[in-house]
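Visitor: For reference, Swiss-Prot lists these features for the protein:
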- Gly31, Pro32, Ser33, Gly34, Ser35, Gly36, Lys37, Ser38: ATP 1 binding site (BINDING)
- 251-278: zinc finger (ZN_FING)
- 308-568: domain 'ABC transporter 1' (DOMAIN)
- 588-916: domain 'ABC transporter 2' (DOMAIN)
- Gly620, Val621, Ser622, Gly623, Ser624, Gly625, Lys626, Ser627: ATP 2 binding site (BINDING)
- 719-745: zinc finger (ZN_FING)
Amino acid sequence: MDRIVIRGARQHNLKNIDVEIPKNKLVVITGPSGSGKSSLAFDTLYAEGQRRYVESLSAYARQFLGVMEKPEVDSIEGLSPAIAIDQKTTSKNPRSTVGTVTEIYDYLRVLWANVGKPHCPHCGNLLSGLSAHEILDRIVEKYKGKRVMILSPIVRGKKGEFRELLRQIEKWGYSRVKVDGELRRVIEVPPLEKNKKHTIELVIDRLTVSEEERARLLEDVEKALEFSSGLVKIEEVESGKEELFSEKLVCPEHGFSIPELSARLFSFNSPYGACPSCKGLGVKWEIDPAVLIDPEKPAVKAVKIVESGYFNYLRFPIANVIRKLGYDPRTPWKKLPESVRATVLYGSESLNFEGIIPHLERRFLEEESERIREEIEDYIVEKPCPECKGARLRKEALAVLIDGKSIWDVVNMPVGKAKEFFEELYEKLEGKEKIIADRLLKEIIERLGFLVNVGLDYLSLSRSATTLSGGEMQRIRLATQLGSKLTGVLYVLDEPSIGLHPRDTSKLINTLKGLRDLGNTVVVVEHDPETIESADHVIELGPGAGKHGGYLVAQGTVEEIKSHPSSLTGAYLSGRKEIPVPKERRKPSGKFIRIVRAKEHNLKNINVDIPLGLFVCITGVSGSGKSTLIYDILYKYAKNYFYGTHEQVGEVEKIEGLENIDKVINIDQSPIGRTPRSNPATYTKVFDLIRNLFAQTPEAKARGYKPGRFSFNVKGGRCEACQGEGVIKVEMHFLPPVYVTCEVCKGKRYNRETLEITYKGKNIADVLEMTVDEAYDFFENHPAIRRKLQILKDVGLGYIKLGQPAPTLSGGEAQRIKLARELSKKETGRTLYLLDEPTTGLHMDDVKKLIDVLQRLVDKGNTVVVIEHNLDVIKCADWIIDLGPEGGERGGQVVAVGTPEEVAQNPNSYTGKYLRKYLKKETLKV
């Protein structure tokens, strides 16, 4: 069968549609926001492909995978196993890095373990092994007169029960072993858990070291080396101190030795490789004196946290210790000697004073109250681990070099540079090393190449996955899938072009075509014109959003879509419709926010002027430093300035001009709430007005109902059986939890008495079920309610229900709800708004609405700063600040500044090059 045939798809708002998707082709699903694209691609196609695969597994395996519900569809024929690569699942694990997610780091560990040359970290000498006689000499020299145990580490951190091994030890005639650090008789060792890692050390002998015992000691050492493949451990009986000797690798000058070189020595997720100080995280969290202290104030009032109600009990001990040291507590902190300040901060045993920082750190670990922990958290900063300097690995691992580089040196390079290193290494290696490394290097170079091809050459393999954007994470997964070389699979992707500069879109398209050419069907939900034009087949849903969408509007080749009379996408692609360039642009007023000497991450000590009262676009290729400049520096600095927070600001000398604005607001894509209790009506405050209206009805007044009666969050009006949730969660084993509609209120969230109150024949639950468009017509006589609903319509959200639970909203929808909330406020007109890629998830027609909304914010006298790659938005800006020229190390400079016309003329700007064809020819006069 050469196609996937979907019959009667009704998931969410799909209107019983039939769709045919050609196999082994690049297929784009497009249409307005809310038209049902994700419902078709993810909730129907992927969900059914995954469900059928999972159902074929045993019940034991299914309990770990969960079972997906069968989508609302009559039939799907010709379906392949499905893999979804979406934006939502970014990693929250601080141990995940680009290297571990792509699995490239696993290959590197094996390479360093097999080809790496261990060196001494103290003198740089190549390590060599010790013979049994040399080990004997060291033991006699170091432990003379001391009672020691000679141990042979037979098992080191391996999973298993080891019953057979323990029987074997008995046969050899030994009676004692150390299991996981505990000394036991062999016959008394309890059964070991097979899924836990264990360490078993055989006790060869116990004796007091002396010259007379040399022969016995030599025999012990040789036996220990034989049993453990070259290792012997000496444990001092009295102190418990241990020392490991190796037949293999040791520095003759410093005695520094490495056990055996194995892949786990290079794993920061294993106790054998992780830095013992930070446990492989590369960072430590500690209270920063610079954040905690105000040096201008008198010493007794200088500790900021002491001025809050919770910690004012510390004031007396601080004053007391300063007096004991011979100083007046009213002396300004900065005038106290360094030794006195250190005692106040870190304590003194002789004065019986714990110190402010150790005290707060202890309270943070022991405290039950979330409120107090949050208070202390404001003063905690993340710093590189002082021992490994952020490398995550123990010094033994970092001392193993290939071509003069440690594994950390290489994972810290940008991916593009690392690829060059391995290509050169491949040419250099010879003989046995070449044979060992051949396959490993080919695999590493190929996988790094995939990352370069999806426009991620600026990332390093050591970059923490928690700091990646949704778009970056999705493209990393895409590169990983290419590396897996699967065929016959259905890949479903969600807007992979997000976060990509137009320069890199062609690389992404080639990657998608590469997946297709392996023999896979690639289905992409996408709005980017270039990606749509590269598709083999286009499916357009619409014509509108929500209940006005879910129909199949058009499908076929790109040319067929362009000429289709009903296709909105075709109208934009063919030029019949377009987003107009503004007739005139606002001019800078002379007031600026000036960022001076920014050098966080890859920013090259730059100065940036952001003109106030304008619509400003920050542009540049991925990794050029846009988010660092706007979020790590400007937003955090402004937040501390306006709201007195203690955010860790990126490296910058100063920011001037903040006195020209009143506040800063970040409108990001994070959810408007974590629980189903949050919804668009509660978030935009329109629900307050609706509840007031219901409380004003004659029946509600007669019963004495206040607006609180119509809230599903408090006792009184809500259904108590489900506590206003409308559903009850039932825990299932082998299956995911099931949400059952509440029997009592039938999902309406309120009790019967509350639902008896109606307005124009509808009760409060009916209103929450209305879409924004329906509610707008329903409340025609209430201008205050309509004003808030009108703004939701303006940002393109007329299709969402007022009571739609927050977790079901996409990032783009959440961001536009926040925009609507800001627009509905009575504006002062001196606000700085920051937005990161607000066009995410928007069709070209919705982008037009978004631009109108942003222009309205600026017309009110505000400043809107947008990080954006969408050329339709960029061409409508008043001012552009273009960073680059490249990503990563080769980025971080200001490439071009000015109006879109000025930037388009700049020969050094990639943005300018692509912008030219979007601007009217007549506006590009030189």
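Glycine too: its Cβ is placed from the backbone N, Cα and C atoms.
Where in this structure would I find these features, and how exposed are they?
Guide: The Cβ of Ser33 (ATP 1 binding site) has Ala545, Gly796, Gly812, Glu813, Gly841, Leu842, His843, Asp846 as same-chain neighbours under 8 Å, each 6 or more residues away in sequence.
Outside the zinc finger (251-278) by six or more residues, the chain places 95, 100, 106, 108-110, 112-114, 116, 118, 120-123, 125, 127-128, 130, 138, 156-157, 229-231, 244-245, 284, 385-388, 391-394, 396-397, 399-400, 407 with a CB less than 8 A from a CB of the stretch.
Confidence annotation: the domain 'ABC transporter 1' (308-568) carries a mean pLDDT of 93 in the model.
DSSP assigns Gly625 (ATP 2 binding site) to coil in the three-state reduction, placing it in neither a helix nor a strand.
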Visitor: Quick one: DSSP breakdown of the zinc finger (251-278) into helix, strand and coil?
Guide: 4 helix, 3 strand, 21 coil
Visitor: In the three-state scheme derived from DSSP, which category covers Gly34 (ATP 1 binding site)?
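Guide: In three-state terms, Gly34 (ATP 1 binding site) counts as coil.
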Visitor: How big is the Cα-to-Cα gap, in Å, between Ser38 (ATP 1 binding site) and Ser622 (ATP 2 binding site)?
Guide: 25
Visitor: Starting from the ATP 2 site formed by Gly620, Val621, Ser622, Gly623, Ser624, Gly625, Lys626, Ser627, give every other residue of that chain whose CB sits within 8 Å of the mean position of their CB atoms, in sequence order.
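Guide: These residues sit around the ATP 2 site: Tyr458, His501, Leu883, Gly884, Gly887, Gly891.
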Visitor: To test your reading of the ATP 1 site: which residues beyond Gly31, Pro32, Ser33, Gly34, Ser35, Gly36, Lys37, Ser38, same chain only, put their Cβ within 8 Å of the Cβ centroid of those residues?
Guide: Ser39, Leu541, Gly542, Ala545, Gly549, His843
Visitor: If one measures from the C-alpha of Gly34 (ATP 1 binding site) to the C-alpha of Gly623 (ATP 2 binding site), what distance in angstrom results, rounded to a whole number?
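Guide: Between the Cα atoms of Gly34 (ATP 1 binding site) and Gly623 (ATP 2 binding site), the distance comes to 30 Å.
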Visitor: May I ask which of the binding-site residues Ser622, Gly625, Ser627 is closest to Lys37 (ATP 1 binding site) if we compare their C-alpha atoms?
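Guide: Nearest listed residue in space: Ser622.
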